[in-house]
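Peer 1: Dumping the structure here so I can ask a few things about it.
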């Protein structure tokens with residue numbers, strides 16, 4: 001009995017040791033991701049030529065799948081690659097649409113210019129009756145509607161632009177003929193002059209002549225109405241933060257959803273104000289870069305105030321083509337003191353919006369704002385520097401507008417001062433009012449030479465187009481800097497940082513890469529289950545449904561890996577079809593543009609990612625498996641997942657530092673498994689078994705044996721010859737201790753009685769050599785006998801020990817069998833007794849039920865009798 005208990009204990013301990021071990025298991029289809037900077041592609045509902053050749057058609061799918069997770073978000077390009085992509089891509093759009101194509105280098109010559117007088121071309125715009133004789137625009141809020149403005153009064157208040165009529169000479173069509181003289185009208189801001197000959201004539205050059213390459217746009221093109229969406233390639237996704245208190249930076253956004261594409265975003269490039277953007281909330285928001293940076297601040301207006309700006313160019317401008325030489329035509333314009341001037345009117349409750357902005361600024365936390373808390377000491381001012389920075393700059397119908405914002409800023413601040421914040425009287429500058437006035441409209445200037453801040457270069461475009469120009473834009477925000485050198489005053493300075501536009505549009509999104517391969521320890525060493533039939537699940541949410549389980553526990557998510565992996569593959573295939581259709585359309589029109597190449601790159605990236613995942617699974621022996629058990633032991637006992645409460649995302653972040661080690665062990669285990677499988681197949685191969693009956697194989701074996709025997713004999717002969725040579729050279733053989741030595745008399749030489757020979761030494765040497773060889777053979781025979789005896793005893797002892805072990809094992813199995821039989825007998829007895837008791841109880845209940853009428857009858861009879 002004691003041995004039985006010991007045996008059972010050993011077996012239980014062994015089973016416990018085996019079950020306590022955990023093995024690495026590979027899961028495919030888990031909802032896990034990591035931040036990515038892969039190139040996104042675009043969708044657009046616009047049907048223009050540029051849109052159809054650069055973006056795929058919009059599918060109008062705005063499905064959002066909520067995730068029960070927390071995720072960090074950042075709205076600026078240095079930490080959000082999607083914002084950096086937008087800045088680069090919109091610049092490419094800008095370059096492609098407004099691409100200069102005619103070199104202006106022939107005009108980098110000396111020109112004789114004469115300043116034009118102040119005779120002004122009258123505007124042809126019909127006038128309206130002003131509602132007030134004091135201001136051009138009147139209304140409840142000093143001109144909230146453009147219809148309340150007198151266009152004639154506004155145009156008369158516009159300052160004259162100094163211009164010059166310049167003449168220059170060139171060879172013309174035939175180079176050996178006399179030079180032709182041409183006359184061109186230039187704005188004084190686009191030329192620089194020297195060596196004035198008199199008060200009116202001067203020598204001038206174009207302002208861009210110091211630059212290396214300057215080109216002029218052939219055609220006027222623009223994209224005022226173009227809106228697009230950024231979409232993640234297959235195998236990637238976009239996460240969106242929906243928290244109401246999101247301000248461009250949040251470490252733990254709790255209301256997170258996954259989307260395939262962003263919302264429609266605006267592509268209007270501006271400085272200072274955000275035009276035609278998207279409204280997020282019905283309230284004013286202040287976003288600061290990295291939460292505490294006051295040099296990059298984004299203010300999003302409340303849509304309740306209905307802010308907008310309407311720009312128009314008065315008059316009918318005529319562009320004159322000047323043929324310089326064959327194949328080179330330059331565009332000039334008529335003499336006019338308002339060559340490039342326009343005006344814009346700001347509509348809506350701007351003062352109410354500005355009051356709410358100031359209130360939001362003083363409500364900022366102390367770690368984000370340390371300026372004054374008095375809203376009366378917060379002022380809005382413009383920037384200094386390049387024209388694009390000091391003015392409100394944007395593109396309207398292909399023309400570049402530069403707005404001097406002093407009048408409008410005075411209106412918002414309700415102050416009367418100049419650009420240097422010096423109080424002054426509203427004196428007129430000629431027919432135009434001075435800088436110290438309050439207006440809801442400002443003067444715009446159209447420029448042809450602009451500064452490209454993205455490439456740090458200059459670009460020259462054609463003069464303004466003919467006809468009437470007008471465009472209306474909604475104002476959704478502004479980019480500013482918060483400057484407070486003292487606590488008595490805070491300056492809100494308009495900023496030319498274009499990147500903030502895309503931060504406002506895409507700041508709630510982040511691009512992530514789906515990593516569907518995960519590792520976790522399980523008690524199963526290898527996959528032993530049979531084939532299970534799996535239900536086909538319809539793709540209700542497609543690719544987004546794959547990430548819907550991101551917030552669920554690991555155990556629940558692992559149970560639906562098959563469906564999730566199908567969602568992943570279905571989303572990849574659908575996106576590939578859409579991208580391929582767009583690329584084919586671009587190929588047919590021979591317009592594979594820069595963005596078309598990006599779309600093609602997104603398609604290739606998705607295929608590469610999917611093939612890379614499958615290649616990794618195949619290298620571990622887990623190809624096309626959702627759950628793959630391996631033979632690699634999990635060595636990190638202090639890291640185990642909580643299958644009921646932990647998500648896959650949390651678990652993968654815990655073991656991120658172990659991934660390279662895990663993958664290396666899986667690859668080594670797979671290689672060893674393949675080697676073992678190859679060796680096993682060779683052992684179990686029937687071709688190898690029947691090869692033993694091949695006569696040629698036996699001949700080879702005999703040949704090898706014969707060669708071995710010949711080699712041994714040859715070595716023995718060489719050894720014998722070598723020994724003989726050594727003995728001959730020595731001249732004697734040492735006497736063996738076994739040879740008897742005859743005793744001779746003292747002083748008597750050997751064989752002294754026999755005359756003649758000098759003794760019998762040769763015969764004695766030969767006999768001793770033969771006896772020595774015989775003794776060596778006897779020693780070898782004795783050694784072999786002892787070796788044989790030792791081998792026999794060892795084998796006998798081993799067999800005895802094995803027999804004893806087998807007897808112990810047989811005895812233990814017999815005891816286990818006896819114990820199992822006793823347990824079964826006991827269980828059978830208990831079951832029999834239980835069944836018998838149940839039978840008795842049922843029979844008693846049945847009898848009681850059956851006998852109830854009889855007993856009732858008997859009771860009634862007794863009562864009645």
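Positions of Cβ are set from backbone N, Cα and C atoms, glycine also.
Under the heading coiled coil, Swiss-Prot lists 650-675. Among the features that Swiss-Prot reports, N-linked glycosylation site is placed at 35, 68, 165, 195, 266, 282, 373, 414, 451, 488, 491, 661 (among others). Positions annotated as region 'V1' by Swiss-Prot: 113-165. Swiss-Prot lists 311-343 with the feature region 'V3'. Taken from Swiss-Prot, the feature region 'V4' covers 403-444. Residues annotated as topological domain 'Cytoplasmic' in Swiss-Prot, with sequence analysis given as evidence: 727-865. As annotated by Swiss-Prot, transmembrane segment applies to 706-726.
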Peer 1: Return the single residue from the glycosylation sites list (165, 488) that has the minimum number of other CB atoms within 10 Å.
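Peer 2: Counting other Cβ atoms within 10 Å of each of the glycosylation sites 165, 488 gives the minimum at 488.
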Peer 1: So of all those glycosylation sites, 266, 373, 451, which one's Cα sits nearest to residue 414 (N-linked glycosylation site)?
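Peer 2: Nearest listed residue in space: 373.
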Peer 1: Quick one: give me the count of other CB atoms within 10 A of the CB of residue 373 (N-linked glycosylation site).
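Peer 2: A count of 12.
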Peer 1: If you run the three-state DSSP split on residue 165 (N-linked glycosylation site), which class comes out?
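Peer 2: In three-state terms, residue 165 (N-linked glycosylation site) counts as strand.
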Peer 1: Take the C-alpha atoms of residue 451 (N-linked glycosylation site) and residue 165 (N-linked glycosylation site) and report the distance between them in angstrom, rounded.
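Peer 2: The Cα atom of residue 451 (N-linked glycosylation site) is 24 Å away from the Cα atom of residue 165 (N-linked glycosylation site).
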Peer 1: In Å, rounded, how far does the Cα of residue 266 (N-linked glycosylation site) sit from the Cα of residue 661 (N-linked glycosylation site)?
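Peer 2: Residue 266 (N-linked glycosylation site) to residue 661 (N-linked glycosylation site), Cα-Cα distance: 46 Å.
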Peer 1: I'd like to know which of the glycosylation sites 68, 266, 282, 414, 451 has the most other Cβ atoms within 10 Å of its Cβ.
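Peer 2: When each Cβ's neighbours within 10 Å are tallied, 266 tops the list.
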Peer 1: For the coiled coil (650-675), would you mind checking the mean pLDDT of the predicted model?
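Peer 2: 84, rounded to a whole number.
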Peer 1: Work out the three-state DSSP category of residue 68 (N-linked glycosylation site).
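Peer 2: SS state of residue 68 (N-linked glycosylation site) = coil.
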Peer 1: Can you check what DSSP calls residue 373 (N-linked glycosylation site), collapsed to helix, strand or coil?
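Peer 2: Where residue 373 (N-linked glycosylation site) sits, the three-state DSSP reduction gives coil.
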